[in-house]
Every structure is written in C-alpha cells, then in structure tokens.
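What follows is a single structure, written as structure tokens, with notes after it.
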Amino acid sequence: MTNIRKTHPLMKILNDAFIDLPTPSNISSWWNFGSLLGLCLIMQILTGLFLAMHYTPDTSTAFSSVAHICRDVNYGWFIRYLHANGASMFFICLYAHIGRGLYYGSYMFQETWNIGVLLLLTVMATAFVGYVLPWGQMSFWGATVITNLLSAIPYIGTTLVEWIWGGFSVDKATLTRFFAFHFILPFIITALAAVHLLFLHETGSNNPTGIPSNMDMIPFHPYYTIKDILGALFLILTLLALTLFTPDLLGDPDNYTPANPLSTPAHIKPEWYFLFAYAILRSIPNKLGGVLALLLSILILIFIPMLQTSKQRSMMFRPFSQLLFWTLIADLLTLTWIGGQPVEHPYIIVGQLASILYFFLILVLMPTVSLIENKLLKW
C-alpha cells in the first residue's frame, strides 16, 4: 500500500515540498537560510500575536502598553525582546539569502527572484510600520521622516503624505493604521513565500557550481532536514543569547522616551538593517533624487538577471567577480556604518563615495569584469 503522505491531497503537497523533494547533492550551508527565514517568520507571527493581545494602538496608551507588557505580563519582556531581536535575525538571514543568490547566480530563476524582491520590500514595509508601534521618540520621528519622503513625488506628493497620515501630521490615525498594516502584512508575506517556493520547485534548486545537477539529486529528507535543524539551532541560540544578555544592543535608547512632537532627537535614524539605504538616501542633497536613489538601491535587484554577461552562472570559478562581490559587501557595511553617523565631515563624503561605488559596482564593474573573464577563458 502506498504511503498516505504520497496519496493524501494535503500531505502530498508537503511531501513534494519538504520530504521527497529532489535536491542537489552538493548544496552548502548558504542554502540553509531559506528554511531559517521560514522559521523567523513563524516566530515573528507567534510572538507578535501574543504582543497584540496586550498592546493598544492609541497614541495616549501605546507607549505605556509596551511598558505594561514588559513589567506586568507573564514573560512579556521575553516575548517583546524575542520579537524585536527576531526582526534583526530575520534581516540577517534575509541579507545572507540574497547574497547567496547574487554569488551563485540563483537570480537566473527569474520568477523566484522577482517574488523574492517583492518579499524583501514587503518585509521592509512590515519592519518599518512595526517600529512605529512602541510610540517612542524614534518611532514617531522615524515615521515622520520616512513618510515625508513621499512628498518629493511631484504634484500629488503632499496629498499622498496627508492621506497616509490620516491628518496633517503623524498622529492617532497613523498609529492605528500602521498597527493594522503590521498585523496583516506577515500573512501576505506567508502567501508570497508559498508562491516563492512554488516557483522554486518548478525549476529545482541551484547549486554552488551553477551547473545543472539533474543527474545527481538526493531526497530533501533526511539529508537536508538534519542540516536545516542544525542551522535552526544556531539561529535560536544566537537569538536567545541576544534576547537574554543584551536585549537592547541593536535598539535605539531614544525609543525609551515617549513620542513628543515638540522635541526632535539629535540623530534620527532607522533600525540597523535599514542604515545602508538611509545612507544612500542622505548622500544626495536633493530630496527627489535621494528618494529615487533609495528606491533604486533595493529595486536594482530586479535588474540583476539582465546584467548577467558571464557565460558561467556561479561566481565559484570566477576570482575577479568574487573580488568585486566582496567589495560590494564591504561597501554595504560601510554604508551601514555611515547611516548611523551624524551628517558632518568626513561622513558626508564617505557616504557619497560609498553610494556611487554601490551603483557603479552593480551596473558597470561586475558586468564588465564578467565579459573580461569570458575573454580570458578563450585563451
């Protein structure tokens, strides 16, 4: 008799996705981050659900409701910090996952890649509206600064900003709708992740060599389930260490001051995972130009498959491209550092140079070096 997991309509879907899925035999730990992202998403939805049971999305009580969660709710402090630091772990996994895709040429699965870019944007939107909810100083001013960027859109900008605010400034209506967005978006992310997986399983996984591995596949379970569990243990260990030893390491002290529209913090900055984009935004002295650069810094990922000039898919055997890839990583780390610094000399010029290098690397240097490598292979 055939096993129920292969015949039952629901079990069959799970079986084909996680158990009998043919997987390349040589994929490395860099392929672990997809499942870790799934784990992060589940953790964020669960901790978020329990936080939502005690949180009140109202300007007069939001800040004190978060304090109440930390002080009075059983293990409320733990749930709150798991949720806050879980977001950081989510973005670490997300950036590693994208970096893997860039390095090994996974972007050649175009539908999977484009859904992935859409997922990135949705996760960023979720994290942004979530940061506003505690209604501290950085929540309020972060929301004010970032939503205000839309006013750079010609003709409809101001109307659009006031429509999003639900008034003439960030206030009660803004907080309520941001809470609604923050609640619904993770479920949209879950649906998109399912579509992402659907498209991936149409083609099968890529592997470090970038060479088709159809003749050398192994079942996902038990070989990769056990590897994924190891990765999950590392993730949980790191998250628990962060949450229990230094819960505020990645947060901003300003967010422990209740939101006050009459007092602007000295340095308005987003959470660490947005600093690279914030640095690119600030490096351009023109408002509209900055907004366009900010958008392009993320949306440039959509154009990566079109910029592929190499005859080889992966960078595994391309040392010059590898050098440029790691230069790009170093550049992004530099931008992240600059985004957290005040707007003064020498940070301004360093940020501008790093921003120029970011676009120059992706749009010009990498495609050119790939062409040179093609020529070298002919020798």
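Placement of Cβ uses the backbone N, Cα and C atoms for every residue, glycine included.
So that you can see what the record holds, here are the features copied from Swiss-Prot:
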- 33-53: transmembrane segment (TRANSMEM)
- 77-98: transmembrane segment (TRANSMEM)
- His83, His182: heme b b562 binding site (BINDING)
- His97, His196: heme b b566 binding site (BINDING)
- 113-133: transmembrane segment (TRANSMEM)
- 178-198: transmembrane segment (TRANSMEM)
- His201: ubiquinone binding site (BINDING)
- 226-246: transmembrane segment (TRANSMEM)
- 288-308: transmembrane segment (TRANSMEM)
- 320-340: transmembrane segment (TRANSMEM)
- 347-367: transmembrane segment (TRANSMEM)
Cα-to-Cα gap, His196 (heme b b566 binding site) vs His182 (heme b b562 binding site), nearest whole Å: 21
Cβ packing number for His83 (heme b b562 binding site), 10 Å threshold: 21
Inter-residue Cα distance where the pair is His97 (heme b b566 binding site) and His201 (ubiquinone binding site), in Å: 17
Among His97, His196, His201 [binding-site residues], residue with fewest other Cβ within 10 Å: His201
In the chain carrying His182 (heme b b562 binding site), residues 6 or more apart in sequence that have Cβ under 8 angstroms from it: Gly48, Thr126, Val129, Gly130, Leu133
Rounded to the nearest Å - Cα separation of His83 (heme b b562 binding site) and His97 (heme b b566 binding site): 21
Among the ranges 77-98, 113-133, 178-198, 347-367, the one whose Cβ pairs under 8 Å to the transmembrane segment (226-246) are most numerous: 77-98
